[in-house]
Every structure is written in structure tokens, then in C-alpha cells.
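Below: the structure, in C-alpha cells.
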Amino acid sequence: MQASDSFRSRRPPSPSGARQTLTTGLPAAVPRFPQPRYVEEGTYPPQQMSADEKLAAVRQDHNAMPATFGRPSGAAGLGGRLGGGLGRISSGEWKILIAVLLVACSIRLFRISKPNSVVFDEVHFGKFAGKYIRTRYYVDVHPPLAKLLLTLAAWIGGFTGEFDFKEIGMAYPDSVPYVLMRMVPAVLGVLLVPITYLTLRALDCSASTSLLGSILIIFENGLVTQSRHILLDSPLLFFTGLSVMFWVMFCNEDKRPQHKAPTVHGAKGVVISGPFSRIWWTYLLLTGLSLGAVVSCKWVGLFTIATIGASTIKQLWALLGDLHIPASLWMRHFIARAICLIAVPLLFYMAMFEIHFSILRNSGDGDAFMSSEFQHTLQGKEMHDTYADVAIGSTVTIRHVNTQGGYLHSHPHNYPGGSKQQQITLYPHIDSNNDWLIVPALDPSHSNTTDPMKTLTYLKPGSVVRFRHIKTGKHLHSHDVRPPVSEVDFQQEVSGYGFEGFEGDANDNFIIELDEEGGGDDGGRKGNGRGWGGDRESGRRVRTLRSILKFRHQLTGCYLFSHKVKLPDWAYEQQEVTCNKNAVRMNSLWYIETNENPLLPVDAEKVNYKLPGFFGKFLELQKVMWQTNAGLTSRHAYDSRPHHWPFLRRGINFWVQNHRHIYLIGNPFTWWLSSISVLLYIGVRGLLVLREKRGYKDFHHSAVVKYDQLIGFTVLGWALHYLPFFLMGRQLFLHHYFPALYFSILTFASVFDLVTSTMSPRRRIQVAAVIMALSIWTFAHFSPLAYGNPWTKKHCMSAKWLKTWDFSCYDYHDDYSQYRITTSAPAGEVVHTHAIPASPSAAGVNPAVKPVENLPEPEVLTKAIQKEKLEPGRDVFEAQPIDDLNERLKANLAMTGANAPVDPKEKEKLKELEKSKAEASKNAQKEAEELEGKVGPLLPSELAKVGERVEKKVSSADTKVEEHVEEKPLGKIGEKSEAGSVDPTTVQSVEKKEATDKPE
């Protein structure tokens, strides 16, 4: 036999394009392993493919095949038209997805109207909706999109903004559509469920894996709690999930070979699949819009942008290394991604702030955060043109360049210590007590024969002047006396000094200096070093709004100075003003805002602020948001650090009332499994890297490559949404982990898909069913904390799996039957939060837990009192209202029939007693917590003993306060107090005491 007879001769290949079946005439099946890379003409270059590329190519072409070639029934329906890897979803899966969606609705919307009172941060975000509706400007650390969605729901529901959401536990009146407002985050929370399912299917996970991931999202207690209230995290998570889903679909479409429609009459065919097809552009653009939306809800969305950005860089890097991709085609890929993933999100983000500015067109309590130029763009803050040249005899208002530009201010109240002269402060609001008259320096020799007040004498560098307070007639004064708060050697007290018939002394004299780096057309208030700009006169003499000034004390050489230090309540917590010999430059700069002088001619030059446009306002607000966010460093009773989050070490107390409790805590089963899956991937990935170094070929296995890319993407998202929080020193709470939690749940589902990939479909669904059942049971076990449902102390104590979980079991009844008896609680039993962590003293003895001092992030902004309700001295640097004892004292006067001034000694004594009461309560609380921390949960007998000691200490201090307030008379008019004779200037009603500083 010849050699040729032992081999079978090969049939020559069929001509290209001629492969048709003889019986049907239809095109033959596409090649099993088509090359995934393409060139512009759509041909397949000869290159070697890896196993995972071949597997992906088969699936892509299988999706592109018509139904007659074996695609599942129904696959050519909605999933096939959507593309992006969803072509494998059958009609049966869509029915299952609808059923899952209905379950999600029932979980998220169950009793959503309960409680019918303010819960947790509804205090802030409900209030912001009212400000939008009333068009009052405010400042918050979060971008506006989620708040605008809540406002839209409130506006549709007829909300007028009158309800102020003042405190947690405040009942909603019928005029507040709070249910409709809660529906916004609830519906977005429901929609996150199908997004999770479709994302996992697009990631090439099985249907059972996708169903498992969706169920874990539905029955996650923390997500349920957060999505049922007027909060921002549910919109944030919705847009995060939407961004990831669209990006995964885009990546699937990008991997498909490029196909074009047949050429017709010489016209170039349109790309119908693969890169640069219509569906490819659609998913890329939708990804960009979703990224813009997520960062417009919270800045945490920047971490989502970073996740997509890292994936994009990897794609472009791979394309750059593909020698079959021409440079021009690579540049098209780069430009397409830059436009859709950078420009589109940025434009969307800016558009949200354009809407924000257009709605908030009126002055509000956020004005003081902004620059003077910004403030004067708001209605109600407009300023008329004012004279440019400043001269002797001018009535001026003087503003600080730094610290939000407060006004130099005085009022008829004296320092309690030091010189006991009239107070000088910095005040952030327009007020007649901000007006000062510029008068010439004191001339003891009377050498000046002309009256300088009757001749026009312009102020120049080196001019020596005095500033007389218009309302009180006192002169701005400094001397070698330590200031009330900043008691250091290089700082001096600044006061108002003088009386009728007294001209003053040399300590009233200040020398005017021009700052070398300030001035110019922009006012130089940013210290930009542009010199005097286009206003040359501002370098020669003092000009309103243009010259940046320093006021140096003539005798001591110190500079008029202010900083972010508040005076105590005796100065209405206004900002301290001192005279500093070692002054920081920016804190010693001032400028004149308004200027009136009767000697100036009517046609004299006038100036006004140069109002910023949209970009100027936008950039300034971003800076204010960043600075305010970074400044939220005070501790909170329920804050936590990032290392607590993955294993759910602590939650947040949302609401306690009528023996019911809402406490933000996740589903422990879901949290712990998802965190373990992340750690498992990191460990296995490290092991595979080590094995590769030893020559093992694990990464040549297509399944390893597939799941490494899949799980690696979700773990990257988890890391980028979690690890940056370790760099932050600000207040952090459990809900900051929710975006990372979403990625960890996707990671667990992907790990499950890997582990069960070799199982039969029946066995895989059985394992998934067990996990789902455990998740549902855990959800039900902790559901009373999510819904505020009745619970018993016994069940609550059994649910404390970790001793760090500080929800209070003592707020609950002993038996469910007691809930049928107690349908409502007296006002005294309402417990508002943010509250002190649960302890026997808080729950078993003293039912009224007081709010803590440091509220979550937006509170620093929103506690600023509205202008029309402003108290004296309420500035923007304080988050809490003044602890004012005047009401208590007035009630005492009314009971005793006395119409007398408040004795300062008595007021100080009362304050000391109040302080001792608070200290006693704090020490007792600490004692109980330390005892419980040492010995674990206390027995009922031990608990009763601790409660008795706490009650005895608090009651003792409380009794002293009550005895002092109710029994000790405060004196009559004309009687001498312990300090001596009554000063006639202080004989005034308590009501008039606070009226002197109210804004006009």
C-alpha cells in the first residue's frame, strides 16, 4: 500500500459566502470559533485565540443567530433586542423576574406610612425639600439630584414647605405628603432588585445565581430600612447599580465582532452589532448618564466613576497592545469613551446645579457660607451701588475677608470679665449694629483749626482714624487686656469704649494699611496677588469693595483680627474679634462693603460687587461643600469607623417611640457571607499568582480566566467604594458602606456561580434555595428593627448576636399583649434620637433620652436659623441652638410676680446647677456602660441596682436645680444684688435683652 492510501484526502474548503444548506438554502451556521478581533472592514485577521476568547466568541455568535438555528424559544424577544449579553434570558426568566419584583414591592412598601413621624435624617432632607419649595437658599454637603427627586414628590403632593421637620419624632401633619416622599427611595430600592438580576446575567452568571443575588438584595435589612424613609442612600444605590449594569452590557457589546449591514447601491453598510453600533453607543451613553446621576446624589459616586474608569483604562490598554487595531481606530475608541464617560457625567452634574441655583433664588440660611459676591446674586441680598471713595465722616460697614465674611459688629452688652467694656464681635448677617462712623484721630493739642468732619478728606494708606459705633456711640478700642477666649500674650481684647461727653483716648486710634497682595477689580478677597488690577485708585487711597485693608492699633502695633472661635452664650455665640500682634494674614484682612458720606457729590463714582456667573457660583459651592464636609470631625453617639462595617459591628439608632424601635442594621447572614467571599477571592487570587510564579498554568484554563475577570471586577468595585473611607477623618456611619455592600453581594453571587458551576442545575438551585431561606429567616428575625414593629424584650435580647449592637431592648414591652393596651404613649415617653447608646439607665429608669450634641453631617449646615427667625448671634459655625435659660427665668418672674432684672449671680448659679445635673447623668450613664462592658449583659437584679443608683444621682442633681429655680426669688427692682447696686442700664426686661441684635 502506498503512503497516500493510508491517509484520507481532505476536502477543499467551500468558497467564502457560498456555504448554504442544500435543502433549505439558508446560511450555514457560523464558524464555531470566529476571531473576536476585527479591523475596519469587518474581516477576521488570522490570530491565535485563547480558550476564554473562543468561549466568548461562541456565545456572542450564538446570541446573534436566528431562532431557527437553535436559540432558546423566546430568546429573540426582549432580551435579544436589548443585546449587551441579555439574549440568553428566556421568557420564563422574565416571568420569574416579575415575581421577584412583586416580592420586592411587598417588602419595601409594607407599612411605609409608619411611623407617621420624622425619622432620623428626614430632619434634614425633608427640610431641604421645604427650602426648595420656598426657594430659600441653603448649603448642604451633598449634590442636589436626590433631594430634587424628593422635592418633586413633595411638590406633587401639595407640600408648601411650612412644616420644618424640626426634630426626630415630630408627628407629620396632614399637609405633609411624607408617604409620597418616602415612595421615591422605596421605588428606587425596588428597582435595584431587577438591576441586580440583569447585571449578574450580563456577567454570564446562571439564572439561579442571579435569582440568589436578587433575593439577597430584597431581604437585606439595612437596605430595606434605608429605602423606606426620606433619605439619599437609596437613590445613590439605584444609580450605582444602574451604572454597573449599563457598563457590563456595554463591555459585552464591545467584545462582539463588528457586523455591518449589506452594502446597498454602493452605500457603506451600517454597523449593526459590535463596536460603534447603535446599541454600543446607547449603552456607553447610558453609562455616562448614570455616572452623572450617581455623583449628583452623593460624592460617594466618585468611587463608582473610579470603578468604571479603571475598567475603561484596562480596555484601552488591551486595545493598544492589539497590533491588529490601527492607531486611528484606537483613537476612535478613546474619544468615544472620553466623551461618554467624562464629558457626559460632568455636564449632567453641572446641569443639576444649574437647576439648584435656578430654584434657590432667594436669600436663606445658607447665605453666610458663601462669598459676598455670591450672596448678592440672591434676591433679598441685592446691594445698591455705593460710593467708591471713603473719607472722614463716612458711615461704613466693614467685612472680614476670611471666615465667611462676617461684619464687624457691636451691641449694648459688656464682657463679663476683662475690661467689662462693650463687646465687639463678628456677625454674619446684615444688621444696623454693623454701622460705623469714621472719625479723625484724637487730637489732644487741638492743633487742627478746621473741623475735619466738614471737609472732604479721603482715606489713604497711613491715615489714622477712629471708628465710632453708630447705635451706641462707643469707639472701637483695644488695650493690654487679654481677650475673653483667646487668652494668649500676643492677643488683646477689642472693646467698645466711651460715654457721653468723653472724646476717648489714644487706644481708639487705628492706622489704615493697604494689603500688598489684595485689591483690584475682584476685591482681592482671595489673596490672588494680582495687585491692584484695573482699579489703579485702590492702590492710592481706600476704595469701597476694591481695597483690602489692615487696621493696626497705633499704640500697641497689633492688628484687628478675627478667627473661627465663638464666644460663649453671653455674647450670643458670635465670633471673637481680637487685636493680634502675630496675626495670620488672611484673618487680619478687611474691606469696606458699604459707604455713605454726605460730603461726597451726588455724581461721585459708585461701585458694586462684580456678580459671578454660573461657573463662578458652581466652583465656589464645590469648594464650600468640600470644606464643610471635611470639617465634620466631631464624634457622634452612633458613628463608626470603616473597620467595623464589613462584619456589621455596629448600627445606627433611627427612631424610638411608643415602645417601638427603628435601628439600622444589616442582615448579618448576608453581610458576613459577602465579606467572607471578598476575602476568599483575595486569598485565592494571591495563591494563583504564587502558583503562576512556580510555573503552574492556572490562567490558561478558560473557567479560571472567566471567573477571575468577573469576580475581580466586583471586588475592585468593593475596594474602591470601601478603602477610601480609611483616609477620611470626618464623621462616618454604617450607611456609608452600602455601595461597597452592593458590590460584595455581587461578589458572593459570582463566587457561588463558580463553586456550583460543576453541579447539575437541580443541585445548584437546591443550594441556592438553602442560602435564600437562611437569608429570609435572618431578615424576619431582625425585621422589627426595620419596620418599627412590636417586639418583646426577650426576643430583642435573643437577637443581640454581638455585644456591640447597641439597640435598646428595654424600650420594648415584656409581652405582645401590652401593645394592644398601649396604643399611644404620653408626650413624656417619646424618645428622640440621635440618642445616647442604649443602657439600663436610658431605657429602664429614665425613658426620655436626650438628643446628642453632634448630629450627622448635614446638621452642621441646616441648624443655622432662618433669617426671619434669627436669634442674636446665631452664626453659621454652630450646629446646636443656644441653651438659653431666659425662658426659665421669665417663668420664675411670672410666678413670683416680680418684674425685676435678672441677677447675674443667680443666672450663673443656675447654670452651674444645670451643669452638675448633666455631669451626674453622664457619670451614671458611664458607670452603667462600664459595668456592662466588664461583666457582659446584666441580670435583671443587677440591672435594677444600677438603675437605682443612676436614678438617685440624676434625681439629686435635678432636685437642686428645681429648688433653685422655683423657690429662690430673683429680687425686685431697686434691690441690691450680691454684686452691689443695680446698674440702671441693665434694668430692662428679659425680652428686650435679645431684641437688640435682631436683623433688619
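Residue numbering: from 1, along the chain as shown.
A Cβ is built for glycine as well, from the same backbone N, Cα and C atoms used for every other residue.
Database features (TrEMBL):
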type     : residues : note
REGION   : 1-29     : region 'Disordered'
TRANSMEM : 145-165  : transmembrane segment
TRANSMEM : 177-200  : transmembrane segment
TRANSMEM : 206-223  : transmembrane segment
TRANSMEM : 230-250  : transmembrane segment
TRANSMEM : 280-313  : transmembrane segment
TRANSMEM : 334-353  : transmembrane segment
DOMAIN   : 387-441  : domain 'MIR'
DOMAIN   : 456-515  : domain 'MIR'
REGION   : 516-538  : region 'Disordered'
DOMAIN   : 539-595  : domain 'MIR'
TRANSMEM : 669-690  : transmembrane segment
TRANSMEM : 710-728  : transmembrane segment
TRANSMEM : 734-755  : transmembrane segment
TRANSMEM : 767-787  : transmembrane segment
REGION   : 895-1000 : region 'Disordered'
COMPBIAS : 903-933  : compositional bias 'Basic and acidic residues'
COMPBIAS : 945-978  : compositional bias 'Basic and acidic residues'
COMPBIAS : 990-1000 : compositional bias 'Basic and acidic residues'
**OP:** Average the pLDDT scores across the domain 'MIR' (456-515) and report the rounded value.
**Re:** 91
Original post:
For the transmembrane segment (280-313), which partner among 177-200, 230-250, 669-690 gives the most CB pairs under 8 Å?
Top reply: 230-250
**OP:** Could you tell me how many residues in the domain 'MIR' (539-595) are helical, how many are strand and how many are coil under DSSP?
**Re:** 8 helix, 26 strand, 23 coil
**OP:** Output the single range from 177-200, 206-223, 230-250, 334-353, 767-787 maximising the number of Cβ pairs under 8 Å to the transmembrane segment (734-755).
**Re:** 206-223
Subject >> Paired segments the transmembrane segment (206-223) and the transmembrane segment (334-353) in contact, 3+ CB pairs under 8 A >> reply: no
Subject >> DSSP residue counts for the domain 'MIR' (456-515), split into helix, strand and coil >> reply: 3 helix, 23 strand, 34 coil
